Amino acid sequence: MLQDSVGEVTTKYHALSVPLSLECGVSLSGVRIAYERYGRADGKNVILVCHPLTGDAHAAGFHKGDTKPGWWDGIIGPGKALDTNRYCVIAANVLGGCKGSTGPSSEDPATGKPYGTTFPVITIRDMVHAEHQLLEDLGISELYAVIGGSMGGMQAMQWSVEFPSFVRRIICIASAGYTTPMHIAFGAVGRAAIMSDPEWNGGNYPAEKKPNHGLSLARMMAHITYLSDESMRTKFGRRLQKQDAFGYGFDTEFSVESYLQHQGETFVERFDPNSYLYITRAVDYYDLTKNGSLTEGLAATQAKFLIISVSSDWLYPPYLSQEIMLALTTNNREARYAEIVSPHGHDGFLLENAQLNYIVGQFLTPMTVEDLMTNNPPSIQETSSIREAAELMIGHEINHLPVVSGNGTLSGIVTSWDIAKSVAGDFQDLAEIMTKDVITIQRSDSLRLAASLMEKHAISALPVVDDSNHVLGMLTSETLSLSEVLQ
């Protein structure tokens, strides 16, 4: 049940305690990482949220005076998938970003001026190492999970390779195990738009005179890839914007043109052009394959995985997520796959909160037997007659009846089929027909375990017992969809 937001939050800034050794060979000192924290840490409950390409550390809650919550507020907070009553959630702005973490717009301590293009080229691996150092500095020695969508999913997968024993669960959404030629092509066009703007000036521009035109064009082009044909048909169609007929010129006329223009204009107010260059190049370099094999590249991973795709995503189509799944299962890793059904394209991972809350919530905090069992079910003493058992089952409209001993512990189970067979066998005593070697389960056990026990033993009910073998409840196949749980 979804509840409230995490409320008012503030972004914190941390200077890493050691220099970062980057993949390009540079050692970067004085790195600062912006982050937000929601919920209390207990040493084993920390979840790291990795943001997409142009995201930031403000993933949930509200900054003072704001009316718009963080970018993933729909799944972070009390009662949501990333339940802040249960987990401590940390979101950090990536290395190379422009929302508080060290990047090309930060001051170079050697010159007192912004780095610009003298900032070293970074990779997804470098981002993950910066996040790892942040967590170590904060006294966090392990992660319950890392979750991210798009470029955030790349970081999550990189975490599983770089620090396999540090993280227990990986949730990769609408992403891939490597960057495809199409992704590289889109990044190249975006960078060309920025670098061809005269105001870019080789990356040396004042804050008040950025290459906004080029950045706006880059955003417009990229935003097309976040949508889908269906979503654009539904949202815009061929509608004109504020006019009834064609103007026969080159001004903005169609609604979709106006929308993209708005996306570009608002984006330049919150993002740095050089950061866009650096981060898209980091995405270009992302490749978890080893010797051309994703299976080999993921061989050292240890975490449990949840891989999620979006049905209408053509930027990161489902087949890219399925490639990750194939590599993981080939390596005998515990992995689940889910597909969000959405018309929204790549943006579906930011919009389909109901599906995400269910899918992610079940992976992080699976339902247990206690959630579905019938509490305090009827039971019968083992000294009772078959007739008494039959009357009790008919009266309560049940097909499974626990049989208990004098001290209340479980000694057997009788079914409606046992009752029917007793007539043909002319049995009188319950002990003659009941099953004595009963397969049981405990209330804290997972539904997946319950389903597998039912399937393995070809049974349709499980008595739920405590440590003393007293019956607490019953779980039946009528309340547990075997096929859904196993899937």
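Indices start at 1 and increase along the chain as displayed.
Every residue gets a Cβ built from N, Cα and C, even glycine.
Summarising the annotation, Swiss-Prot assigns domain 'AB hydrolase-1' to 45-352. What Swiss-Prot records for SER150 is active site, nucleophile. Under the heading substrate binding site, Swiss-Prot lists ARG219, ASP347, citing sequence analysis as support. The active site annotation in Swiss-Prot covers ASP313, HIS346. Per Swiss-Prot, domain 'CBS 1' is recorded for 373-430, and the stated evidence type is sequence analysis. Taken from Swiss-Prot, the feature domain 'CBS 2' applies to 434-487.
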Give the distance between the Cα atoms of ASP313 (active site) and HIS346 (active site), rounded to the nearest whole Å.
4
Rounded to the nearest Å - Cα separation of SER150 (active site, nucleophile) and HIS346 (active site):
8
So what sits near ARG219 (substrate binding site) in its own chain, CB-to-CB under 8 Å and at least six residues off in sequence?
GLY190, GLN263, GLY264, PHE267, VAL268, PHE271
Counting across all protein chains shown, how many other Cβ atoms sit within 10 Å of the Cβ of ASP347 (substrate binding site)?
23
Around the Cβ of the residue listed as 'active site, nucleophile', the count of other Cβ atoms that are within 10 Å:
27
Please classify the secondary structure at ASP347 (substrate binding site) using three-state DSSP.
helix
Just to be sure I understand the packing, how many Cβ atoms besides its own are within 10 Å of the Cβ of ASP313 (active site)?
27
When a 10 Å sphere is centred on the Cβ of HIS346 (active site), how many other Cβ atoms does it contain?
25
